[in-house]
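The region 'Disordered' annotation in TrEMBL covers 19-41. Marked as domain '1,3-beta-glucan synthase component FKS1-like' by TrEMBL: 347-460. Annotation comment: TrEMBL describes 493-512, 524-551, 563-584, 596-618, 662-680, 1535-1553, 1624-1642, 1648-1671, 1753-1773, 1785-1810, 1816-1837, 1857-1877 (among others) as transmembrane segment.
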Amino acid sequence: MARPHDNWERLVRATLRREQLASGRPGHGRTPSGIAGAVPPSLTRSTNIDMILQAADEIQAEDANVARILCEQAYRMAQNLDPSSDGRGVLQFKTGLMSIIKQKLAKKDGAPIDRNRDIENLWEFYKRYKRQYRVEDMQREEQRLLESGGYSANFGELELSYSARKKVFSTLRALVEVMEALSKDADPHGVGKHIQEELRRLKKSDATLAGELTPYNIVPLEAPVLSNAIGIFPEVKGAISAIRYADHFPRLPADFEISGQRDADIFDLLEYVFGFQNDNIRNQRENIVLALANAQTRLRIPAETDPKIDEKAVNEVFLKVLDNYIKWCRYLRIRLVWNSLEAITRDRKLFMVSLYFLIWGEGANVRFLPECICYIFHNMAKELDAILDHGEANIAASCRTESGSASFLKQIICPIYHTLVMEAANNDNGRAPHSKWRNYDDFNEYFWSPTCFELGWPFRMDSPFFMKPKGRKRTGKSTFVEHRTFLHLYRSFHRLWIFLVLMFQALTLIAFHKGDINLRAFKAVLSIGPTFAIMNFVESCLDVILMYGAYTTARGMAISRLVIRFFWCGLTSVAVTYLYLKVVDEMNKNNSDSTYFRIYILVVGVYAALRVVLGLLLKLPACHSLSQMSDQSFFQFFKWIYQERYFVGRGLYESLSDYCRYVLYWLVIFICKFTFAYFLQIKPLVKPTRIISDLPSLPYSWHDLISKNNNNALAIASLWAPVVAIYLMDIHIWYTLLSAIVGGVMGARARLGEIRSIEMLHRRFESFPEAFVKNLVSSQMKRMPFNQQSPQYVQDAQDMNKVYAAMFSPFWNDIIKSLREEDYISNREMDLLFIPSNTGSLGLVQWPLFLLSSKILLAIDLALDCRDTQADLWNRICRDEYMAYAVQECYYSTEKILLSLVDGEGRLWVERIFREINNSIMEGSLVITLYLKKLPLVVSRFTALTGLLTRNETPELANGAAKAIYDLYEVVTHDLLSSDLREQLDTWNILARARNESRLFSRVEWPRVPEIKEQVKRLHLLLTVKETAANIPKNLEARRRLEFFTNSLFMDMPSAKPVSEMMPFSVFTPYYSETVIYSSSDLQKENEDGISTLFYLQKIFPDEWVNFLERIGRDESTGDAELQDSSSDSLELRFWVSYRGQTLARTVRGMMYYRRALMLQSFLEGRPLGGLVVDNSRANSLSTQGFELSHEARAQADLKFTYVVSCQIYGQQKQKKAPEAADIALLLQRNEALRVAFIHVEESVVAEGNVSKEFYSKLVKADVNGKDQEIYSIKLPGDPKLGEGKPENQNHAIVFTRGDAIQTIDMNQDNYLEEAMKMRNLLDEFRGNHGLRPPTILGVREHVFTGSVSSLASFMSKQETSFVTLGQRVLAYPLKVRMHYGHPDVFDRIFHITRGGISKASRVINISEDIYAGFNSTLRQGNITHHEYIQVGKGRDVGLNQIALFEGKVAGGNGEQVLSRDVYRLGQLFDFFRMLSFFFTTVGYYVCTMMTVLTIYIFLYGRVYLAFSGLDEGISLEAKMLGNTALNAVLNAQFLVQIGVFTAVPMIMGFILEQGLLKAVFSFITMQLQLCSVFFTFSLGTRTHYFGRTILHGGAKYRATGRGFVVRHIKFAENYRLYSRSHFVKALEVALLLIVYIAYGYTEGGAVSFVLLTLSSWFLVISWLFAPYIFNPSGFEWQKTVEDFDDWTNWLLYRGGVGVKGENSWEFWWEEEQVHIHTLRGRILETILSIRFFLFQYGIVYKLHLTGKDTSLAIYGFSWAVLAGIVMIFKIYTFSPKKSTNFQLFMRFIQGVTSLGLIAALCLVVIFTRLTIADLFASILAFIPTGWGILCLAIAWKKVVWSLGLWDSVREFARMYDAGMGMLIFAPVASLSWFPFVTTFQSRLLFNQAFSRGLEISLILAGNKANVEV
């Protein structure tokens, strides 16, 4: 039995051991970390306990006693640091550590331990350890290498020992630290003396020990690190020198300590003066060094011996960083801190930039307030300026604490943060109205006014800025109040609505005047004047109303402008209306006097001219500079009235050419729209309208209340209403059509889709090298000598092509290698796709074998059939250019290989043979010289020889090769050659003598030169690969990637800069708790069908699965269990699955391709460093072997690329030992350049047992032992999550990014090596000409990689692809309104971090945080472009529920955007045409979507009104005009909108452009057969519901969609819960309207006309009701249907209890569905909307046979009495048995009497009245919507109903309605489930054939398993 101690150690180590890294992978090795991996974070902040314990683990086997000494010292350190074990996990750690120490004592077998000799034993071990590992020799060698700069000479050996060397240094450092601690008690004259001498020596001279282990991010600034070559770059040396502390700077105090082993610099002064945190200082020091270094390299100044940073580089950084501050000062008209740019010294510039970055770096949530940062910087820079003018450094007064020290965080940031916290707490977790609390924008906009200086410096805490919210009282907003109302749509885009209304009014008036433009018509059209004035006045009224909540705190000028505009618009509207009424009066009197008309024309003309002039001056680019220069107060006043002045939004104009383009675009749309509107919408309705209005009073079928003597106004309104609705929204249809055309033309011009098949790729491969070199190879690499043997190498085109191929080959081969690593291609395909290096002496271009395969055999066939001359044969071969290449290469390679194999007489024979053949070719007599019929025999002999030579040499193979050459000699000499040559060779004395003496070919020189070995292998494949390689690669994804990459080579892009000169960038990925790597259990977990994730992927990606097995050395028959048995294979399997899902592992792998590409490019460029030329021998030959190990290449890549993943809760995950934490740690170890940022929460117990929390923003990387190494830890003022989670997560970590650009990447994205190679081209777009301003966001094309999962995923993929390609192409150019829609875009990092960041974070209002980055960038004079020569992979939701949740989130976010100030300002400040583009591509898209659905409601309710009132029949019979065919055609335009035809046009155009016409047609037909129209119509409802509900009630929130593989069946109840209110209720309402229209409507054309009018509506009903079940896996399988019914009934009837969720109980779900109605305004709106349901009962009761033609109001009143009776009967029958326990017998009696009475009453009614069966059904049709309306009202006024004691009854009625709706939907599903073929059809519909086949196999296997078990 094992001892308890052993068990405990096993338990501790098993729990803490991390998964080991698979062997052979790049990156750090991974070792078990033991107890060292469990050190609590609170103990590692100020000690190296983890390093000491790791060292103990390392030396346990060498000296267990020393390991015990180290563990004991670690325990003492932990005890001293936290004696009471208050920290999280400290007690458990101490207990485990003590247990291990006891074990080590026990292992001494009870022998006593003399602890007095511990220090001596430690000293002896230390000396022995240093000798054993030759530490001093190692340090001397590395110092020599560092000084010489010759890393690359032997980087292989260095890299191989790198990990071991760092472990040695780590152990030594731990030993030194423990020795230093123990030496205090040692003999000062003995061992203590030796230790002190060693410590002094180390501190003076041995920087390596500290430097190698000091944590650093990219540049080791704290101590020199010999293993990092970044320090030898001249620009880095110059940057470090630039920030070094100068003698003329203020003196630092003597007791100020300089951290690390470095010289003092300007950051030390800033740290002392302002009290910035040390890690913030370290972080920004590196940031500044990198910024200066990279700015310097772009200047292309040759490196010097003593490198310096040029003044231009400093100025570039200075002006870029402080640009927003300069603009802020100019806006507020305050003086800058410096007088002029020329007056400020270089050192002061660096001080200012450093100060700004330090403020920003420690600003935490204040970073969202960029102008607040400017205010802080302005005041602190003044303080700094004063300090720099003094000789002594003093602590700044603003940052001085009570204790006398300095603390920027405590004194400056914390007061602002605490105000933000209190305001955020007032938003009730996002449920409170936006108008009741200040968000980030409100706080920031406080600093847009000079009143911000009332804050004072240091802060005055009684300032209004720090005002605390009091209870429910409103807090004063700044310049905008986000009231929740649809009126924002009018206010923000009033120019659009005014324009549409005026045009509609003008066109209608023209139509009513029969199209004649005479004076009377002109006067009528002039009525648009009053309309315009009144609508403007309405907008000014909304300005006044919607500013409520900001009047007390808004600027006085802003309030004054509102008041002036209100009175001005009011007066103008009154004046214009009055004048026009007088004009009308003149017209009616037919008075020849037209005085008022002239006055009206004058007034309107002057007013219009003034508006036009102001509009031109403010919006037209050519006039804008003129308006800026004008200082006339009169002009400035009118300009201010016309357009409010903000800090943002100034200068929103484009160049004249861009302006003309998007104006022309919209003019085309207007021409189409208004032509269509006039001739097909308005004009056809003129005649019916006139006839209806002139009809005499018609009889009504009901009791009419409002239509007496009004010329049938309601009938006319019901006729015009749907036309008006279509008129308002069809502009979006025209926009969509034109965008498809323009986008298609632009795409064609950009050369998209030129290579869209593998055949095209084959045909054009010859042109790829030149195109690649032109675009993707830097000038530095082009200048390199590629073939030093040929000085005149590039003499002709052939030589030039070979140079291009030589430069192209290393990149192409690495791309192919990456495809193999990703398992898209097999080993054989990889060999065929590889292109030779083309750097050898072979004088022709060698192409990949997949182009040349089988070409030799085909050429032989041509030769065998040859009956003509040599020229004819060669011409036939040259018809296939690759066949000609293959023949030439085969010929020259054969000669070269044979000459390398033989010597002596054999060599003479080879030379003679080829000399003869060459002569024959020159003479044109080859067919005579050679007997071509024997070529197959020669090829078979030569193939046998190359087959032997491709293997490793052995004596047997050498003999076989010699025999093979002799056989070849025999065949060539005696069979191939002509008789004359044969005789000459046979009689050749030298050859004959060697043959007779058996010396001929007796010895073979086996190929050892790499070039010859490569040629032998290649020639063998060339001769033996018989099948065509036309389908290489087979994998569709590999094809797609290669096709896009090669196509992009011909697209316009900036030329590639050398890596050293490219723009540096970061990639930034926010992560919360999504899947990192799938665990083994995740792979095997089966759903109810027995389908596991692994099985699913094996069927979806069968070829990739086979390639994976081949890669890990397994055959295809290997079972899953066998893979799980091997730890390395199991890990590889987990990664294989994870790389096919939407996981963090996939994203990290993709993004790290950037580093790999940069290392390859840098390695091949071979940059000279600091006057020392790096060994370029490898680069000169273009060999890429080991490029990933090159120190210079890695350092250059790190200088240009940083990848930060912001794992917000990683610290908590580590504490909980969550599997995600272990997986993230694994990714860190596999990727040495990966950095993880996270929020660390440190808890400590304060007085009275309260827990105090401190928050830190940390950055970690993997150290040599596989542990997380903390690089930076910056304390935060508190919990950073005050707003939306994702932007707050980004904000805390963005301080750790580097470079001038930052690419934002979501964790469901991917990247590809071939695309990463184009990144430096893309970054150069920031310096390109893209209009008036340089780009601030570069849009990047996305490829949605989840399209192959299912038909739904395919729909989403194609829809998304259409938007991110064609859609954004048009938005960026010509419309100039592209925003930031997601996360592959590349931001100008400096521009955005100085202007609030890359997203906005205010709660709820910024729920769609991404797009606000685009809004902010545009408002702050940014420029957003789009580029399609580079792509990034992206995953999308693949199941209907996931898609619905995602679309709900986006629609809700757009609803919030409607309320936002950003949309308001863009809508107001854009010129008219750009505003149109902006509206219809953002919130307008959702408005038009909602209008599409509302059009159906308007049309059907109008028709139902006509049917109920009887007017449709009456009008049709009298006028025969209501069924007008033109009107029907107009109304049916909605059908095309609903089924997604118009929205699909861009998609179709994208297909045509990138796939070709035939494929596009086939794809579209396939989508239709897969019911894509059902899906798009369903999505229409999703967007409409969430968009409308958000604006009405709020409730927008982040909806986690899950990113797994959708292979599970969704329960009926789950679908019902999700779609009941968004789709089912609305669909049933439309169905009810259609049924009523069928029953009571009148249509002139009968059934056909009815079908045409209602077809689209029925399609919508079916789509909305049944799409969730059509697209539900196994949705029509009988067994699942039965289970679903049971589950649904259980859910419906389960009453629940405490803690029950809505997914378990209908009651709780029903309560949750009402949460959004929580305001009085919301209740009133719901009440108004619910009134429509009472129309049905009012109309139907007058249509009953029972009522006859009686239209009295009493009939309607009696119907309510009947309804009340039905309700009472229902209550009697459903009275709760629990409540009637005491009088149960009485209740049964009452129920019986009621039953008898009901029967009797029914019989009497049938006998004595005209009641029919049809009347009974009609009554049901009437009462159902009435009951629903009552329910809606009861829910809206819940508190009132509750107080009346009726809530339980309301709930039961609601349950009954949901039960009824569920049964209506469930019945058709159950009916179809009877038929097995329906399930089969659905599987084919949903999934591709492989999975459908796999699904059936799974079911069969499950059945067999069940039989076996029985």
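Note: Cβ is positioned from N, Cα and C throughout, glycine not excepted.
Where the transmembrane segment (1857-1877) meets the stretches 524-551, 596-618, 662-680, 1648-1671, 1816-1837, the count of C-beta pairs under 8 angstroms peaks at 1648-1671. Listed by sequence, the residues of this chain that lie at least six past the ends of the transmembrane segment (1648-1671) yet keep a Cβ under 8 A from its Cβ atoms are 1351-1352, 1440-1441, 1496, 1499-1500, 1503, 1523, 1528, 1531-1532, 1534-1535, 1538-1539, 1571, 1573-1575, 1577-1578, 1580-1581, 1610, 1612, 1615, 1618-1619, 1623-1624, 1626-1628, 1630-1631, 1633-1634, 1637-1638, 1641, 1865, 1868-1869, 1882, 1885-1886.
Using the rule of three or more Cβ pairs under 8 Å, pairs at least 6 apart in sequence, the transmembrane segment (662-680) is in contact with the transmembrane segment (493-512).
Averaged across the domain '1,3-beta-glucan synthase component FKS1-like' (347-460), pLDDT in this predicted model comes to 91. Across the domain '1,3-beta-glucan synthase component FKS1-like' (347-460), DSSP classifies residues as 81 helix, 3 strand, 30 coil. Counting Cβ pairs under 8 Å to the transmembrane segment (1816-1837), the top-ranked stretch among 493-512, 524-551, 596-618, 1624-1642, 1753-1773 is 1624-1642.
The transmembrane segment (563-584) shares more Cβ pairs under 8 Å with 524-551 than with any other stretch in the list 493-512, 524-551, 596-618. Stretch with the most C-beta contacts under 8 angstroms to the transmembrane segment (524-551), considering only 493-512, 596-618, 1624-1642: 493-512. Long-range neighbours of the transmembrane segment (596-618) within the same chain, counting only residues 6 or more positions beyond its ends whose Cβ lies under 8 Å from a Cβ of the stretch, are 523, 526, 529, 572, 575-576, 579-580, 582-583, 585-586, 624, 626-627, 638-639, 642-643, 1471-1472.
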